[in-house]
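Q: Can you read through this structure? Questions will come right after.
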Amino acid sequence: MTIAMVMAPARPALRTACHVIRSLPRRSHSTTTSSVSASEVSHFSSLASSWWDPMGPSRVLHLMNPLRHDFIASCLFDSSPDFPAPQPGTTPNTLHYLDVGCGGGIFAESLARTIPHPQSAESETPTVTRAASITAIDPTTTLIQIARDHARKDPKVSAHLNDGRFRYVNCTLEDVIASRNAHKSSDSSAATGAVGEGVGRKDGYDMITLFEVIEHIDTNASISPLTFLTDCLRLLKPGGWLVGSTIARTLPSFLINQVIAEAPWPIGVVPRGTHEWKKFVNPDELEGWASEGLMRSADIERNSVMRSGSEALDGMRWKCAGVVYFPGFGWKFVPGSESWGNYFWAVRKGL
């Protein structure tokens with residue numbers, strides 16, 4: 001089969017693919033008021049012990065990590081008037097990050113290494129991601145513990161854990177929303193002892209990351225992907241970016257990400273059951289959810305500063321960039337591949 005044949009429109013083949021998918025093993029779905037699926041938590045808990053093995057089941061995530069930093073840097077470059085270059089004698093890194101669905105901490109720990117030490121912050125050159133702090137959350141207890149233990153092995157990262165510039169929190173996005181709402185209310189004691197206490201920054205985050213997360217949101221749960229994105233946008237500062245990566249729902253992605261990638265070793269690169277093709281999201285769908293999420297978040301958070309309804313779309317910016325995995329060479333940005341495979345995406349919240 002040639003690349004042209006794979007890329008060509010193939011409705012009959014898609015119908016066949018859908019039939020095959022119905023025969024694949026299904027996971028149970030959560031029905032609680034949470035975006036978290038119990039079966040997803042169980043699946044990724046089983047991978048915890050090998051999460052930091054660069055040749056293990058999470059190898060493709062390790063290889064993708066440099067592109068995550070590059071894509072964030074491109075977003076900041078596009079919005080440089082809103083994130084001006086730091087002046088001499090000032091702290092170069094000023095952005096506060098929230099990493100949602102951090103897993104074992106591959107991205108979070110790498111970002112924490114770029115946070116300047118307090119005693120040398122003013123003399124250091126700003127990094128491309130400009131991080132001043134990062135809070136990383138995940139609902140999987142085992143993965144959070146793995147992430148903390150690994151971070152302690154690096155003295156610089158461990159120091160940031162100790163001083164609070166880097167935090168791992170075992171909670172859900174909904175817990176963060178609840179924590180922030182409690183702290184914003186007049187009765188701040190309502191947040192005391194709550195799951196995710198203190199995670200929801202009152203003034204929000206400059207950057208929120210969702211790497212390989214949106215395709216794991218349970219579409220049968222009470223919290224839909226749209227609601228999940230809306231909650232993320234509620235936590236984002238005006239002018240900030242919500243950045244993520246996911247997979248388009250196409251015939252090529254079914255063949256590559258479900259059939260081939262999850263095939264037995266030595267062909268496959270991820271454990272069987274990692275993906276569900278029906279949960280993959282096309283770029284146009286995600287852009288639509290982002291637009292709707294901005295309007296919903298503005299209506300929910302309506303105040304004297306934030307505009308409501310369609311006005312919230314003023315200043316919105318959408319970015320999308322396809323990436324392809326080349327065995328032996330790793331991940332590369334490939335323009336146009338976002339329409340059929342893996343891609344990075346980002347939405348900027350208007351000022």
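A Cβ is built for glycine as well, from the same backbone N, Cα and C atoms used for every other residue.
Automated prediction, rather than curation, is the source of TrEMBL annotations.
Predicted, not measured: the structure shown is a model, and the values here were computed from it.
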Q: For the S-adenosyl-L-methionine site that TrEMBL describes with Arg68, Gly101, Asp138, which of these is also annotated: Phe211, Phe228, Phe254?
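A: Of the residues offered, the record points to Phe211.
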Q: Counting Cβ neighbours within 10 Å across all chains shown, tell me which of the binding-site residues Asp138, Glu212, Glu215 comes out on top.
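A: Output for this query is Asp138.
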Q: How long is the line from the C-alpha of Gly101 (S-adenosyl-L-methionine binding site) to the C-alpha of His216 (Mg(2+) binding site), rounded to the nearest angstrom?
A: 10
Q: Excluding Glu212, Glu215, His216 themselves, which residues in that chain have a Cβ inside 8 Å of the centre of the Cβ atoms defining the Mg(2+) site?
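A: Sorted by sequence, the hits are Gly101, Val213, Ile214, Ile217, Thr246, Ile247, His275, Lys279.
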Q: Can you check which residue among the binding-site residues Arg68, His216 has the largest number of Cβ atoms within 10 Å of its own?
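A: Top count of Cβ atoms within 10 Å goes to Arg68.
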Q: Just to verify: the residue among Gly101, Phe211 with the fewest other Cβ atoms within 10 Å, which of the binding-site residues is it?
A: Phe211
Q: To the nearest whole angstrom, what is the C-alpha distance linking His216 (Mg(2+) binding site) and Asp138 (S-adenosyl-L-methionine binding site)?
A: 13
Q: How many angstrom lie between the most widely spaced Cα atoms of the S-adenosyl-L-methionine binders Arg68, Gly101, Asp138, Phe211?
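A: Output for S-adenosyl-L-methionine binders Arg68, Gly101, Asp138, Phe211: max Cα distance 18 Å.
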